[in-house]
Structure formats: structure tokens, C-alpha cells
């Protein structure tokens, strides 16, 4: 990491730490949701950018994490245990589901993950022990070593800690030897396998890990909001994660965080506009769908690498290298541009 | 027995709707390698447009035909967005069609609201072997049979259809003999849009749709199409009929709420089974 990048990360971290103290209560709640989305987006970004797999069902793992935390809590287990169990349960579910699913590639995997989420939503909505469509209510607040996370600001720091942890883990993975293997298999599985990369095991591991991140976010969400229901984790949420990753730039941690920030703030802004007086009742929905759609299309067509990588490339390109005099001597003179014209 | 016949016929009718969607998916995927996530949206737009036109007083037939023309145009627009720009690969195009689907949500809610809508098909019912069956079901089955027969003729006999098939089997060779592959891709999208629209106008009288019904429609259509590897319309038709009947039987004899679970589980099973027979090497060579 260069000194400039270090300074940038330190600055962002400092701002992120100060921000919750400056915001009003309702703004902090947006901030918490932003951080949780970013946590999920980093995992998905790793899956999409490094392992080359698209998941349209990432919210199913958020859901598993949320329900794990909520179920253990309402049955009287200590909440810190629930917070530990949430990512583990999500990762375990992904590991099991991944065995058949990760044989699929590209659009097939995209549809398969979407199907898994639809199945999960359907099943959870019908079980008594999950509370059916109403869901589980009255999830207690998180309590770790006697400290109860009761205020909005405490959850902001909890979510920030989760995001930091996830970013750190991801960074260590992508800069390590397995990380290089992952990048190789995203380009060509055959080439990676013939160079000795254990393709199936790595894909499985990344899938489970990204699910674990989503599960952690889901667990915090459950304690923060206090209830979980199938309606809290719609297919739209999965798509939202994909939009964040695509807009921010798949395969970078900063991209995932930037994407999550941009989308959350934009959606919040539109929500404010849509719920103003005089707007029709459907305005918030219309606006958010339109923005998701437009952003996906425009980002894919005109900014296929995402905001952060494109911005970095632009910055690196700006100092235009001057032609060295030594080069112009031994090369034939370039044809004058006027010659080309008819 | 009468219940069985009833489930069977209504299952076949719904399966025919899936088959039309799957046919559109296959047509587009064969030519452009793009999996069109907006395929379910065509059906929703088609069904709702037909309903609006009927409400304006257009006669049956004209309203449906106009709705199908509209979805054909919508399909063309989706194709332009997904493949019109150079260098958009198939995975990017899938995400573009996903985005277009969401844009369509916004437009659909603005025009038609967010509640489920339906319109009258041909009313009435007939009694067959003691079963009470809506006439619309037979209309769906008949139209689907006709459409697939016409598609077979189109791909096999007409110049345009053969050009489309040429692009599907080898885009490079097709370009070498002077076929404009990009334009053929757009034709495929328009055709796919029209097929989705037909599915919509036929299915809406049987089951109301709302703007977000497209997720279930597309997953069912995809499930049927993936049976033939997204490239074989005939297999897709067979898959769609099986799926429709299986869902109707689950809904009839089991519990209605589990019918999507069964369909999706079936799709997952088929996909993983097919994937286990294809190695990564074959898949990358086909790219």
C-alpha cells in the first residue's frame, strides 16, 4: 500500500469514527444501515471481482444471520453467542449449498442463487418456529460482557467494527497467495487449475466467507432493529448489494464501501424527495426502482470497472508523460496528420 | 379423476405460458449469448397493456395484437441497451437486462399502479370428463402450439430465420458471409419481446399479474429453458409443460404455497445435474 493510500484509509477511518457523534438520531440509523450494507458488499465484491461469480441471492445469507441471531436471542441464549453464531450459520449454509451450486457458472449461478433465496423466503414464511410471514419480534438488545448496546451510536460503532474486521480479513486474503489464485480462476478456471490452484475449494471458501460477512451484518441488523421477518430481506436487497458492488467497482474493498455509501445516500435522498407532501404514495418505490435500474445499466455500459477503479485509473493517467528526446532521434518522423486527410 | 384432468389441463396451459417465455429466452440466448433477465417483464408489460387497451374499448384480438407489438418494441429497446454498445460481454449484458427490468418496475408502477391486475379473456368454461375447465386454457394451449409451429417454420424456411440460426451456430462464420450479427441480435430481442408479450396477454386472464410477478415468471421460464441448455426450443417446450403440470399437481394435491419451491428445486436439480456432465474445459472452449 502506498503512503497516499495509507493516508486516505486513515482519513476515511477517522471520518467514519467521528461521523456518528455529529449526526442526529435518524441520520445515525441510516449510517448503521450503510455500514451493514458495506459489510455485505465487501464479501460480494470479493466473490464477484476475485472469484468471478455473481450471486443474486446474497441477502439470503443476511437473512440466515439475522434469523440465527434472533432465534438464539428469543430462546434465551446470550446475545454475544448469537452474534458469533450468525456469521458461522450463514457460512455453514453457504458451504452446504455451495457444493452443488458452485458447479454452476455465470448466469446459471446467478439464477441458482436467486432461486435459493426465493425458496428460503418461501419456506421461512411458512414455518411456525420462524414466526411465519410476521417474523420474530422482541429481539433483545445485544449485550457483551455486561455492556448493553442500547443507543443508536453504540450500534454505529459496532457496525463500524464489523466493517473494519471484514475489510481487514478481505485485504489479507486478496493480497495473499490464495488471493492470487482466486484472481487466476476468475479469468480461466482451466488455466488456474492447471497451475495448481485448487479451484473448487477456493470458490467454496470464498462463497462461504462472503456469506459469513453477510451473516455478521444480518446478526447486527437483528439486534439493532429488534425484529426480523421475510419482508426484511427481499430479493430487492440482494439486487441492491449487486448494484453497490457494480457501481463501486467489483474486486476492491474501497469500491464496495464507496458503492454502498453512494447507493445508500442516494436512496435516502430519493426517499426524502418521494415522501414530500404532494408526491403520490408510490413515488418512493418508483424513484428507487428507477435509480437502481438506471445505475445498473449506466454503470455496466459506461463504467464497467466501477467508480473507484475508474477514478484511480483517471488519477494515474493525468500526469501526461513527455516524449523523451532520445526516442525521437532513432525513430522515423511520424507522418504529418494532414497526410491522412482526403 | 375429474380433479386430475382439471389440474392437468390448467397445468399444461400455465406451462404453455412458461414455454413462450422460455422460447423467448432461448431465441435471444442462441443468437446473442445473453440471458435476458427482462424476459418476465415483457409478459407483465404485455398483459397490462392488453388490459388497458381493452378498458379503452378496443376489441379482443386488436388489443392483444397491439400489446404484443408494444412488447416487441420494448424487446428491441432492451436489446439496444444490452448489446448495442460494443464490448459488452454476456455477463455485463445480463446485469444490464436486470437493470432494465428495474427501470421497467418504475414505469409499470407509474402507469398501472402497484396492485395486481387482470383482464377478461374469453369467458366461460367447458366440462370435460367431469372437470370444469376455463376456455381460456384451451386458447393458451392452441396459440402456443401455433406459435411454436410458426417459429419452427420461421427458423427453418425463411431467410431471416436461417440468418438467425447461422448467428447462433457460428457468429464468426455468419459475419464472414455477410450477416450483420448485431442486427440479428436485435431481431432476436424483438422476437423475444413479442414471445414474452404473447405469454403475458394469454396468462393474465388465468392469473392476475402485478409489476413484480416477473421474478417468478422469469425463473420458471429460465428453469424450462435451462433444460435444453438455453439453446434448444423444443426441449424448452417440453420442460415448460412438465414444470407447469408439476406445479399444478403440487398445488392441487399438496399445498399451493409450495409450488414455486418445487419448481425452483427442480430447476436447481436439473442445472447441477447438467453442470456435472460438463467440465470447465468444455464450458470455456464454448465461450
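Backbone N, Cα and C define each Cβ position, glycine as well.
TrEMBL labels come from automatic prediction, so no person has curated them.
Annotated compositional bias 'Basic and acidic residues' per TrEMBL: A:318-332, in sequence order.
Taken from TrEMBL, the feature region 'Disordered' covers A:318-342.
Outside the transmembrane segment (A:7-24) by six or more residues, the chain places 1, 31, 152-153, 156-157, 160, 164, 257 with a CB less than 8 A from a CB of the stretch. What TrEMBL lists as transmembrane segment is A:7-24 (among others).
Feature annotation from TrEMBL assigns transmembrane segment to A:30-49 (among others). For the transmembrane segment (A:30-49), the list of distant contacts is 19-20, 23, 55, 58-59, 62, 152, 155-156, 159-160, 162-163, 166-167, 170, 173-174, 182, 186, 206-207, 209-214, 216-217, 220-221, 224, 240-242, 244-245, 248-253, 255-257, 259-261, 263-265, 268: same-chain residues at least six beyond its ends, Cβ to Cβ under 8 Å.
Here TrEMBL flags A:80-102 (among others) as transmembrane segment.
Annotated transmembrane segment per TrEMBL: A:155-174 (among others), in sequence order. Using a Cβ-Cβ cut-off under 8 Å and counting only residues 6 or more beyond its ends in the same chain, the transmembrane segment (A:155-174) has close neighbours at 13, 16-17, 19-20, 28, 31-32, 35-36, 38-39, 42-43, 46, 50, 142, 149, 182-183, 209, 213, 216-217, 220, 223-224, 253, 257.
The transmembrane segment annotation in TrEMBL covers A:207-229 (among others).
According to TrEMBL, the feature transmembrane segment maps to A:241-266 (among others).
Remote same-chain residues near the transmembrane segment (A:286-308) are listed as 236, 239-240, 242-243, 245-250, 252, 254-255, 258-259, 262-263, 266-267, 270-271, 273-274 (criterion: CB distance under 8 Å, separation of at least six residues from the stretch ends). Residues annotated as transmembrane segment in TrEMBL: A:286-308 (among others).
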